[in-house]
């Protein structure tokens, strides 16, 4: 028996046995009938049938897709890394140049002892964009500056060609040698990178020569950074204290000061320079001791007030807030750079009752009609800044290293001379009732000695020392009677080192004209005339009275010596 392979419809490979006795035609006929009964499936039906069957996954094709996707993701990540690295290098490039500009101002101001502002004020000015990176670069470069200068000198890389970019060389050397690896995307960066090995070799020789193992051992200044609370003064011209407390409670524990109602205290370590309320002038970062000065003066709304040495302007705008924006404040500032800082502070505060005067307070004429109604003067003259040297980062300055006692003493004496002259000038205004004298110095020469030197003049003009903040325990040094009226703050109190003195004119005090310590009765020369009295004395009245006395003794200046009172 033969067998034949028959394909039945969609089911192949079914074997059917056919007897051999059938003829070929019958078999062929039978095949034809079966084909008619089971027609050949169409292409569409085969496709549908195949689609219904479970198919094995196409592993090689899927792997190819995964590989392509991985390649794309890898290229994308690499591209992002390149973009991120390029952006970081660009940011560092510009930060180094901003830091070099600030460092140039700091070093020049320190060399001439006429710094236009502190390091922080320069860094956080509106002109500096990347403040955080700039501040770090300036501070760290100043910290390592003696070492940087020495290795630069030993390698002789600061040639005449690069002398004009000296500060940028310092910044870049710090960044390459002591900081992080940087891209060489600038001419100075490329130049310093070419000499990196020479600089590192010079540094290694310094270690051997001075027998030290750490870079910190090479530094001349080692100061302990004691964390202090962050104080915020609320600008009540723009926002109330309760709203500010609510806002800052979101980021820190907030404590309201018991003595100053517009002052808040936050925990140490918060950098709030970029906070929206700080940027728009609703809140100012100001120390507690600095805020005590304006409160001590206590100007009333509607008064005319002078801020004698106003920049950077924190006390000026504090006065405006205490006066509720009413009255007039005349803010004097001689230095042009500091004047711009003052004007920017005033603009940011929103105060509209402040007039900035580009000039010296000593040139303001008390007899001028514009100043005859001044009732209060805030005098915060230039000083050594010894009370805020840590906050100002003065310990990083070259002068802090080089200063010897003799040079420092000469500078303090020079400052004290100016401070005394400014205070005497403030006392000469005819209508002034209250004067605060303050410094951010801890030196007796700038504080108690200045006050003691002007007491005779102040007393002759009807002024006496008042006691600001009687509850404050730290008072003036006991170097003269009355020093208990003076106020001092100290860094050990968690504050800046400040000094405050308050002069108040005695109300309706009648002061007789004095010749030395003896009261001169003008009746002796002028018959029935009584002694001359003035309710509020000034230098002008004293001068006029002394002229009358001299004329009475020496004769009339008009007729040459007649004795008749009616002559003149």
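The backbone N, Cα and C atoms fix where each Cβ goes, glycine too.
Note that TrEMBL annotation is computational and uncurated.
According to TrEMBL, the feature active site, nucleophile maps to 440. Among the features that TrEMBL reports, S-adenosyl-L-methionine binding site is placed at 309, 310, 311, 312, 313, 314, 315, 333, 360, 380. The annotation compositional bias 'Basic and acidic residues' is assigned in TrEMBL to 34-43, 62-72. The compositional bias 'Basic residues' feature in TrEMBL is assigned to 73-82. If you look up TrEMBL, you'll see 220-506 marked as domain 'SAM-dependent MTase RsmB/NOP-type'. The feature region 'Disordered' is assigned by TrEMBL to 26-88.
Structural mapping of features recorded in TrEMBL.
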| residue | record | CB count, 10 Å |
| --- | --- | --- |
| 309 | S-adenosyl-L-methionine binding site | 22 |
| 311 | S-adenosyl-L-methionine binding site | 26 |
| 313 | S-adenosyl-L-methionine binding site | 27 |
| 315 | S-adenosyl-L-methionine binding site | 23 |
| 360 | S-adenosyl-L-methionine binding site | 15 |
| 440 | active site, nucleophile | 24 |
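The residue listed as 'active site, nucleophile' sits 15 Å from residue 313 (S-adenosyl-L-methionine binding site), taking the CA atoms of both as reference points. For the domain 'SAM-dependent MTase RsmB/NOP-type' (220-506), the model's pLDDT averages out at 91.
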